[in-house]
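S.K.: Can you keep this structure in mind? I'll have questions shortly.
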Protein chains: 2
Amino acid sequence: MRVKCIVSYDGTHFSGYQVQPNKRTVQSEIEAVLTKLHKGQSVKVHASGRTDANVHALGQVIHFDTTLTIPPEKWPYALNSLLPIDIVILEAEYVADHFHSRFNARKKEYRYKISTQKLPNVFKRDYTYHFPYALDIESIKKACHHLCGTHDFTSFCVAKTEVEDKVRTIYSIDLIEEGTDLTFCFTGNGFLYNMVRILTGTLLEVGQGKKTPDQIPFILEGKDRSLSGKTAPGHGLYLWKVYYDN
Amino acid sequence: MRVKCIVSYDGTHFSGYQVQPNKRTVQSEIEAVLTKLHKGQSVKVHASGRTDANVHALGQVIHFDTTLTIPPEKWPYALNSLLPIDIVILEAEYVADHFHSRFNARKKEYRYKISTQKLPNVFKRDYTYHFPYALDIESIKKACHHLCGTHDFTSFCVAKTEVEDKVRTIYSIDLIEEGTDLTFCFTGNGFLYNMVRILTGTLLEVGQGKKTPDQIPFILEGKDRSLSGKTAPGHGLYLWKVYYDN
């Protein structure tokens, strides 16, 4: 039987999602717990995608195959009781054997949280990027408008990315403003390596007036990473939700 | 010159506020930075009161004496640039030489944060007490009513507390409900050792029906720690604000 789970994790103390030798990763923690539950039989976990060190998830989706007959509503409790406290399984359900958390993902939402207040908030230091500068929100919104749609995002991913097709569609970039907190909500059919963090870094440079919204089409056309802005740090980023066809 | 500061800290990685040998404490971190700023001349810091391990502060108040002539608005930046990231000085001002952060405190507010949602929130694990049980809020409010006022709080402090006078006045206990989050706001003229955590633990037992609101007067009269509820854990507690005469 194949199990699909929605997983939240605090990325602060992980070297990212994916298994790496001698590193603490989300995948290795979940696989260790599943292997234990399956009495030592190794269980491989597949996710909708990787997340980097310090990046958080509210709605990461994973799947794995099991021989255990645990009722779906009991799976979160069975796993959470063994998982470390910075990973929580929120939901579980049995799915068809051809379901794949990565290949069947149709849409993803990432959020990036920023605080522009002058002094840092100690309680948010690992969860929000402290960026204590005045931002021109109207310019940011104009830049967002230019970024939405189907484009080659070569300028917005790590230069050494080996994916051949760098065309992606961004459906929307919404801004949530709450006092000095600003959240960017990106939805798209997929995101390249570091793409959300580079988009955010570039939008912040637009907000500061270091770049203009009208430069965005040229940055896209240039297909050159050096044209876009800095990579915003990982700890402000959240994999928020993954959507599948039903 | 005497400087008064408002300090916030994330208590997660501290063995409490007060200096202890070979332990990481808030006071020792601040004193180390002040000593450095004063070129090795030792500077003693006084606070409105101690906080325990894992307990947070949004509005701790400290004072210290200095020979430096830094403009008041520059003090937070001077200190924050040297302090670890889990301590942030929010405000500073010069005060009269007879001001004392502890002896002049007239009123204190502590808040205690609880989450009653079934599954824990990974992002709140160090900042909110996860208590996934149904609570009768009306009973809790009745119990709060019995606790407010001037009472001998012997039943609500650590048995070995050496303070002679255990009479304190609680001005108000307000509840803030936001979905499955519940915050208790306690204001009083002072609180005994562990008092807010024992009050909270007792109110949660009332909410669960393990104790009735009408037992509160008898618990107070009994002057016996064994009559009240469990001590709620430190990580849900915040020293919120300290008030002084102006």
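Heads up, the Cβ atoms here are built off N, Cα and C, so glycines get one too.
Just so you know, TrEMBL annotations are computer predictions that nobody has curated.
Heads up, here are the entries from TrEMBL:
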- A:ASP52: active site, nucleophile (ACT_SITE)
- A:TYR110: substrate binding site (BINDING)
- A:6-104: domain 'Pseudouridine synthase I TruA alpha/beta' (DOMAIN)
- A:143-245: domain 'Pseudouridine synthase I TruA alpha/beta' (DOMAIN)
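I'd like these features described in context: how deep, what's nearby, how far apart.
M.R.: Long-range Cβ proximity for A:ASP52 (active site, nucleophile), meaning a same-chain Cβ under 8 A and a gap of 6 or more residues, is found for A:GLY11, A:GLY16, A:TYR17, A:ASN194, A:GLY234, A:LEU237.
The secondary structure of A:TYR110 (substrate binding site), as reduced to three states from DSSP, is extended strand.
Confidence across the domain 'Pseudouridine synthase I TruA alpha/beta' (A:6-104), taken as the mean pLDDT and rounded to a whole number, stands at 96.
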S.K.: Hey, does DSSP put A:ASP52 (active site, nucleophile) in a helix, a strand, or just coil?
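M.R.: For A:ASP52 (active site, nucleophile) - judged by DSSP and reduced to three states - the answer is coil.
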S.K.: Please list, in sequence order, the residues in the chain of A:TYR110 (substrate binding site) that are at least six apart in sequence and whose C-beta is under 8 Å away from its C-beta.
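M.R.: Same-chain residues close to A:TYR110 (substrate binding site) (Cβ under 8 Å, separated by 6 or more) are A:CYS185, A:PHE186, A:PHE191, A:VAL196, A:LEU237, A:TYR238, A:LEU239, A:TRP240.
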S.K.: Taking helix as H, G and I and strand as E and B in DSSP, count the residues of the domain 'Pseudouridine synthase I TruA alpha/beta' (A:143-245) in helix, strand and coil.
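M.R.: Looking at the domain 'Pseudouridine synthase I TruA alpha/beta' (A:143-245) with DSSP, the answer is 37 helix, 32 strand, 34 coil.
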